[in-house]
Every structure is written in C-alpha cells, then in structure tokens.
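Working notes, structure below.
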C-alpha cells in the first residue's frame, strides 16, 4: 500500500480531527471545517483538488432549495443508493458537534444535482423525524440495511452531554456514553424506533460498522464508562417484514481492540481497516483486511505501509475515507499545542495498481475516522451571512474558486493557547467554555508583574464575578505566582479637577441717592 505525502498549499488549518469526506463520481468534498464558515466559502463545504502532490480547496456550490449544513465534526455518515437508479446515491449525515461544541440531533441528505466542466452543484436537505428520535450525539455510526425489498437506516453508539438533571457545576460539559440502543429510521415515513438488545450492555463510541444487505457488523469502539477498548465484534441482523421489524444481535469471536479506525472499500466484499488507537497513548499501526461473504466476516492482518518516522512518533493522527480505496491521513506538526494548523497530510492507497479503477460500491460502510478526544474543540469564528448558489454565479471557477487562507484571521499567533503557568491545563484540543462570557477562546487577564504577561482566568481560579470586576475596575492584577510580591498595588485613579463657577452675590435693592444739596435743604426746613 503506497503512502504519498501531499502539501497543503494554504488551507491546512481547516482540516482538523473530526472532518468528513464525501465522494461524488470521484470528486471528493470536504466538510466539518475548523470554525464557522466565512466569506471566502460561506457554505463551509469544499472540493478537494489534489494535483502534483498539492492540496487545494475550492468552494462548493449548492442549489437554491438547499438548507444550510453546519460544519459538523464527528458525525455519522453513510451512503444511500437509489432503487430505481443504482448509479445515483446520496449521503446521510446525522449528529455531530458544531464549532461552539453544541451537539446536533438533525439528519441531512446530501446529493449531487448537476455537474459540468465548470462546477458541480450539491443539494442539502434536512429531514424531520418522529417517534423515538435519537438524542444529539457524536462519535456514532449510521448504516443502511436492505431486507425484503425495503430499506432502513440503523443508528448506534456515540456520546452525548450529561443530562441536565445530572449535571453539576464542576462537570457541566462532561460527556457520557449514549445508551446502547439500536435505532431504526424509516425515511419514507420519517419515524424512528428504538430497540434494547440484551447482548449490548455498554455504550460504544468511535467504533467501526460495516453493513451488507440486512446485516451490520460492529467492530471495536471505546467505552467511557469503563475506559476500555474491548475486542468487540457484534452482528446485527435486521428483518423488515410487512409488520414490525425484528432486530437481533449475536456476539462473534475474533474482534479487534481498536477505536477511531478508518475503513475503506477495495472490492465488492473486501475492506481495509487502517489506523486507530490501542489505548489513549498508543496508535495502532497494523492494518487488516475484512471480507464479508455468505453472512460471515473474516478479519486477517495484512502488510502495513512503510510509515514515515513522523507518523510513527506522533502522539495522535486523524483522517477519513476518500472512497475508491484511498484514505486521507493527517498528523500534527512539531508545535501542535501552540500552532493548531501545523498539520502534515498523506494519502494511503489501499488498492493494488491493477485494482485501481472505478467500480460500483454496493456495500454501505461507515466508520468514525477521527481522534476520539471528547474535548476536541475549535475556535469559534463569527460568520458572515450564509448564501447558496443564488449568488454562486458571481464566482469564477477559473479565477477565484481556490480558498485563500489569507482572508481568514490568523489565530495561530493570538496567544490564547499558550502555557500560562506551571499548572496550566488549557489545551486547544480539549477546551470547552468555562465562563458564561466565553464563546470561542478562553478568557485571559494581564498580569502586571515586570513587563507583563497573559494568563488564563480559569487557571488562576478566578470566579466569574471576580473576573468581571477586574475587567471593569482600574486596578493592576497579579497572577498566583506574583501575587505575594506585588500584593496590594493599585493604580491611583486620576483626579479630575472641575472648574467651579463663582456664585453671583444676591442682587441688592436699588435706593435713591439724594444729592447733597437736597439733603441740606431738607434739614433746614425740618429745624425751622
């Protein structure tokens, strides 16, 4: 399996753990970008253009009747083929995490509506569901099963936030495993039905699921409750008679202890399992071949590619299935904690040279392909007004269709993700808002010691009331390290002297002044 390194020209900061790829007729589209979309690509969906080992992104166009698809990370994804036209298919997207860490319970259908030499137009439609609707989640899987001429989707696993009634102040945004329920979704009538199976005792997330006909195989996964990656292998069989559906589960031997693995299809019944984790700090560098035949599954180890030293020694990796037997892999750069966009990318081609051709993909596959860090978050970015292809003609594909990262804000040097102190625990991959005033970045405050340096308010154990008071008051603040040396220092307030207007004396009554001659005449007459 050849491994090819590619260089991202100007857009690597958008490809972060949790992204997804859609393959329409050999054209690969990317969604689930870092942050909210901006003016450069208001739809948030990009066409990946890989030429001469260079990766470029071109904004995708949507039809006028499309709904908005938010940049969801860790959603469940699978394909649904048309019964009338097997060549036509659409993607089903469910759940996921938004850039401000809200979880989605919505379900979308993405399809290709037109294609020419200049541009490709997509359509995104949101579906309304009723009945036992699955709660908002991420890190789960969705598949399509076919039985007795009918088709239904199956949703299983994932993580969600702790229910409101069970939350505490200390663990307000903590996540838990979703209940191990199996959801059948009938898109024809828009209804959901949940099933509780005795074989499924623990919740799973970031597992792999492969579906063929009426059977789904669930492999691996991570359980938060036990913090384990058991070598699980479940077989779900769905029967769709005229009456109520029937769902059964069988536990099979020969599973693999892995989470966040990537699955790509290389044949009608053959798949390749790549990547993932054995444990929190141990990547899985072994690859496997999975064959589905006659209601059976066979898993065998296969030759792994020659991993580069960077891949072998990095702490984490992420990626997604590109379709047609290819996988896009990404690893952080050397400064992964400080510079979020320092990523390197590779394309792993799992097919042989003689097998690298277009073929029908009749089997549905779904795999969670990203790092399963539940706290991975991306900075919140203010978005412009969203628009679709009503104004799409204003773009010239030959001149202005390549995404230009220079149009975005450079967040790699803002200093929000620094290590502010010895006890600092703020990490870009796990941070969630702590104060009600935080949206996209952690609150920081300036320590006035020496030349001054910035520290995270959360690391300084500042209450929200104190943080607001310090932001409004004209005082110097000193962090926990320098508080003893500078305790009590305060900037004196500038006294503004007001000019006082002198008060006017009360007006005196006017008196008639008698002339001196008049007074003498008056006195002379008085004594005569």
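All positions are counted from 1 along the displayed chain.
Any Cβ shown, glycine's included, is placed from N, Cα and C.
Just so you know, TrEMBL annotations are computer predictions that nobody has curated.
If you check TrEMBL, you get these features:
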BINDING   420, 424, 447, 453, 456, 459, 479, 482  Zn(2+) binding site
DOMAIN    415-492  domain 'Recombination activating protein 2 PHD'
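Fewest other C-beta atoms within 10 angstroms, among the binding-site residues 424, 479, are seen around 424. Take the CB of residue 447 (Zn(2+) binding site) and look out to 10 A: across all protein chains shown you find 22 other CB atoms. Counting every protein chain shown, 24 other Cβ atoms lie within 10 Å of the Cβ of residue 420 (Zn(2+) binding site). Highest Cβ count within 10 Å among the binding-site residues 453, 456, 482: 456. Within 8 Å of the Cβ centroid of the Zn(2+) site, not counting the listed residues 420, 424, 447, 453, 456, 459, 479, 482, the chain contributes 421, 445, 454, 455, 460, 480, 481. Across the residues of the domain 'Recombination activating protein 2 PHD' (415-492), the predicted structure has a mean pLDDT of 76. Taking the Cβ of residue 459 (Zn(2+) binding site) as centre and 10 Å as the limit, one finds 19 other Cβ atoms among all the protein chains shown.
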